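One structure is given here, and the rest of the page talks about it.
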Amino acid sequence: MLLTMRSRLFNPQLSSLCHSLPHSHKSHPSSLAFSASISQGPNSRHASAAKAQRPVALSEAARFVRTVLFLPPGVNPDDVTDDMILPGSNIVLGPYAGDAKIKDVDFVKSSNRPKDCPKDDRPEFAMLGRSNVGKSSLINFLVRKKEVALTSKKPGKTQLINHFLVNKSWYIVDLPGYGFANAPESARMDWSSFTKGYFLNRETLVSVLLLIDGSVPPQKIDLDCANWLGRNNISMTFVFTKCDKMKGGKGRRPDENIRNFLELIKENYRQHPPWIMTSSVTGLGRDELLLHMSQLRNYWNNE
């Protein structure tokens, strides 16, 4: 069973990713336990609970489920089977997964400030990443419509908070990319006060989809962004883009870059974040990402 789980979780080049990932604890879907915010003192509730329980020997398969996979609400770790794991990810599909088809998508508005965003109660997913990570391409890829989100060869073209209404029931939010050093000076906004204000005050935000370029080695700016979201207890999923590419034919393969990124991330997280591989060129990960979003969204709707 363990071998089939691993083969479903990773393709042959990615099998080594499963050996050194942090421990998983049950929590709100895709919210992360940031280690710096957790009390480790002897009088903590967690320590007391640990003393009251005797250690239970786990099988290798059970240990794999608890330490590698992202378990959504409603899933008992002992009930996980290999066909519940979304291929190319560490995400288990649970009972809240539902209809993931996108039937229609409409641009609603662009906002200069978080307080100008739509004020209805529809749930939303925010797309965030470096300016050249392929964010607009991923949005167009998910909705299967060209030019829904502006795609440009000039980094930093997205400079507003853009809301797209999907199936008249939930939003995809295209946020300004960070780190666009080549943008005009007048367009270089203060990411701290602009985008961070959205994250800290948006009550309808289900999760951030943090896009990471899988074709390049881990970038400090991405790690800093992930750690800021974690410190502020903001739900997120790592979406690795460009997983069909290898820069210049001489760089590391995407599986190596992803493994290295996860190794660095685990230093600050005791709960494993959900992650998934995608490619807007080959179609990798599209249906799986939409299924993951559906279970987070349906759980949010039923809270």
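Even glycines carry a Cβ here, placed using N, Cα and C.
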Given 5-28, 29-52, 101-124, 245-268, which one carries TrEMBL's region 'Disordered' label? 29-52
Summarise the model's confidence over the domain 'EngB-type G' (121-299) as a mean pLDDT value. 84
